[in-house]
2 protein chains.
Amino acid sequence: MSDLARRAEKLDASDELAAKRAEFELDDTVYLDGNSLGALPAAVPGRVEDVVRRQWGRLRIRSWDESGWWTAPERIGDRIAPLVGAAPGQIVVGDSTSVNVFKALVAAVRMAGPGRDEIVVDSSTFPTDGYIAESAARMTGCALRPVLPAELPGALGARTAAVLVNHVDYRTGRLHDLPSLTAAVHAAGALAVWDLCHSAGALPVGLDEHGVDLAVGCTYKYLNGGPGAPAYLYVRRELQDRFDSPLPGWNSHVNPFGMSPAYEPAPGALRGRVGTPDILSLLALEAALEVWEGVPVEAVRAKSLALTDFFLECVTAYVPPGAVECLTPLAHAERGSQVALRCADAGDVMERLIDRGVVGDFRHPDVLRFGFTPLYVGFADVERAARVLGEVLGGGLG
Amino acid sequence: MSDLARRAEKLDASDELAAKRAEFELDDTVYLDGNSLGALPAAVPGRVEDVVRRQWGRLRIRSWDESGWWTAPERIGDRIAPLVGAAPGQIVVGDSTSVNVFKALVAAVRMAGPGRDEIVVDSSTFPTDGYIAESAARMTGCALRPVLPAELPGALGARTAAVLVNHVDYRTGRLHDLPSLTAAVHAAGALAVWDLCHSAGALPVGLDEHGVDLAVGCTYKYLNGGPGAPAYLYVRRELQDRFDSPLPGWNSHVNPFGMSPAYEPAPGALRGRVGTPDILSLLALEAALEVWEGVPVEAVRAKSLALTDFFLECVTAYVPPGAVECLTPLAHAERGSQVALRCADAGDVMERLIDRGVVGDFRHPDVLRFGFTPLYVGFADVERAARVLGEVLGGGLG
């Protein structure tokens with residue numbers, strides 16, 4: 001056994017989160033793609049079966065009340081809230097991330113002061129955010145200004161209505177400084193909208209603490225909600241009365257069963273709801289979130305950094321010099337929970353890794369992406385992944 | 001046994017669709033609320049279990065390709081297509097009905113000719129359509145004009161950009177004349193957008209035949225897709241190249257994994273996609289649609305009319321004169337697949353019906369709604385429902 005393998009063994013033995021792995025359905029694959037699709041929590045299959053067979057199959061329509069279907073979007077939002085540093089009553093779950101970006105940006109522009117007619121968007125963001133921001137700008141009469149997060153503070157001004165930034169870059173894994181960027185947006189008199197897809201469940205976000213105005217995120221990465229599970233929308237309590245949705249569906253009406261032809265919005269976070277909630281996916285997500293019981297997000301962050309540090313150390317030891325280039329910042333304050341390595345023939349390399357039981361993903365044109373979900377990835381997994389990468393890239397054992 | 005009960009027995013014995021009932025999970029309740037939430041098709045639980053345990057749990061990220069997740073929205077759209085009279089390649093499944101109404105109306109306004117700045121909306125429609133139409137009008141600089149369907153032809157003119165009508169009124173069960181209203185909209189030079197929530201799966205729609213421009217619908221009523229199952233969007237083939245979505249998420253990009261910062265829409269119905277599709281709900285719906293194998297929608301319509309005719313006959317026989325007033329038109333050409341009865345204390349009456357095993361629903365302030373799903377409702381059910389209603393309303397046996 002190599003030194004690194006022994007180190008991994010010790011790290012696993014002292015890992016306070018190690019027992020969480022048993023709450024997921026895993027095999028002997030090293031699954032480092034939880035930043036794309038989280039693994040299956042063991043509580044989900046039984047819950048989904050109950051939702052399908054009993055709640056839908058036997059209670060049918062009665063389940064809207066009796067099984068708590070109607071209130072699921074806000075109840076599950078409250079379950080996500082502590083993971084992103086939000087007090088209850090500010091998050092609703094439903095729709096896709098893209099649809100929620102649209103709600104958040106249009107509502108932000110409508111809340112911005114007069115004369116503010118520019119939406120600033122992180123130009124390095126996941127493309128859908130940029131596409132939707134372009135549509136939101138077009139439909140609200142705003143200009144769209146794509147800017148790199150590092151250049152954001154200098155780009156803000158009296159015209160800025162809203163700023164959309166991705167908390168962690170989906171490609172490089174770079175973590176952007178949410179507190180200071182939010183403060184800069186506020187100093188310019190604009191609203192800050194954050195996309196938490198790659199940070200929620202992997203590190204503390206502190207939405208309330210840092211005064212974030214609006215936020216969106218998906219639930220199928222570090223929150224393990226399942227493929228295409230519904231996304232969520234956070235609206236800071238102080239802004240909720242002014243949240244003017246571009247998608248005012250009947251679920252956001254103050255009296256949805258009054259069937260009034262005149263729209264009157266519900267109070268609170270409910271304003272973020274649109275149409276009938278997607279119950280099967282919502283309740284699968286609710287079961288998935290139970291694994292967070294008693295898990296402080298700070299402990300998750302500490303393990304996440306230990307995992308990525310150890311991975312980088314193992315890569316240095318096992319991979320031939322020059323074969324990969326790390327795109328992920330080394331500074332902890334700038335690192336999410338993934339490591340991106342640039343290398344030649346990355347698509348082919350990833351296929352060979354997967355053949356050998358190490359699953360990450362490939363991002364066009366030359367990036368190997370490895371995501372580390374602290375709830376179920378251990379240090380021995382990390383050592384093995386780096387070792388197999390070294391073998392594939394032609395290195396010996398370090 | 002009463003005459004009507006004997007008639008019911010004969011009608012059930014000669015019902016070509018009677019065997020379909022065995023493909024649903026039903027008990028001895030008379031379930032007449034399938035126009036709100038369709039009953040559970042027997043194929044669904046096993047499929048969902050496979051999707052959760054094997055496709056997500058074991059294959060994980062590989063399922064996006066290997067289990068056909070990525071192409072589910074258009075594949076399942078093609079499965080719905082024959083039920084609404086559409087050739088393949090014009091329907092995508094995803095998002096809620098409300099969100100699809102927004103896409104359809106905004107896209108319709110953008111396709112309308114110059115000077116057209118008015119959206120006409122069915123004023124008797126399900127409220128969410130009106131709320132969303134109001135938002136679409138506001139965001140495209142249009143006026144919104146609510147009009148009763150009967151008054152539509154006279155309300156159309158050179159300013160009309162798009163017209164949104166519900167095919168079947170959710171409250172009264174009135175069926176609007178899709179061919180003639182669509183022709184009137186086209187004669188005025190506008191685009192016709194139909195909401196099929198209460199007609200798809202219950203009667204022939206003929207989208208292609210009648211030249212409908214855009215249509216939306218839910219899948220949890222007569223299509224039995226499950227609570228909050230994803231809705232769908234139809235875009236007529238000739239319009240697809242000009243379909244300019246207000247929600248241009250990455251799933252509608254011509255090359256979604258190219259991760260280009262510039263949006264370039266995919267060809268065809270794919271333009272209606274937005275974010276990552278909700279796989280659990282989509283694949284539950286796909287399994288639910290298998291019950292339609294070999295079922296001509298014309299046979300469903302014939303049985304639907306026979307069921308509602310027989311129900312009205314039984315109500316006349318069993319319910320004391322004057323105790324209920326039928327809001328649903330008697331003419332077949334004006335009737336969907338539900339019967340709405342106005343009566344005093346309707347909320348209380350419905351509770352008593354449900355206690356006696358007859359499930360319909362109550363719509364504020366005084367309407368009893370009974371939906372007839374021809375795939376699983378039989379004539380004996382109908383006779384029993386009317387008989388129990390008669391008992392509850394104090395009548396004797398007819």
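Every residue, even glycine, has its Cβ placed from backbone N, Cα and C.
Whatever TrEMBL says is automated annotation, not expert-curated.
Sequence-distant neighbours of B:Phe126 (pyridoxal 5'-phosphate binding site) (same chain, 6+ apart, CB under 8 A from its CB) are B:Asn166, B:Tyr170, B:Asp195, B:Cys197. Among the features that TrEMBL reports, pyridoxal 5'-phosphate binding site is placed at B:Thr97, B:Ser98, B:Phe126, B:Pro127, B:Thr128, B:Asp129, B:Asp195, B:His198, B:Tyr220, B:Trp250, B:Thr276.
In the shown protein chains, 28 other C-beta atoms lie within 10 A of the C-beta of B:Lys221 (N6-(pyridoxal phosphate)lysine). Look at TrEMBL and you will find B:Lys221 tagged as N6-(pyridoxal phosphate)lysine.
In sequence order, B:Thr128, B:Asp195, B:Cys197, B:Val216, B:Gly217, B:Cys218, B:Ala231 constitute the residues six or more apart from B:Thr97 (pyridoxal 5'-phosphate binding site) in its chain with CB-CB distances below 8 Å. Note: B:Tyr220 (pyridoxal 5'-phosphate binding site) has non-local neighbours B:Leu37, B:Gly38, B:Gly226, B:Pro227, B:Gly228, B:Ala229, i.e. same-chain residues 6+ apart with C-beta under 8 A of its own C-beta. Secondary structure from DSSP puts B:Tyr220 (pyridoxal 5'-phosphate binding site) in coil. Here the binding residues for pyridoxal 5'-phosphate are B:Thr97, B:Ser98, B:Phe126, B:Pro127, B:Thr128, B:Asp129, B:Asp195, B:His198, B:Tyr220, B:Trp250, B:Thr276. Their largest Cα to Cα distance works out to 31 Å. A Cα-Cα distance of 24 Å separates B:Thr276 (pyridoxal 5'-phosphate binding site) from B:Lys221 (N6-(pyridoxal phosphate)lysine).
Secondary structure from DSSP puts B:Asp195 (pyridoxal 5'-phosphate binding site) in a beta strand.
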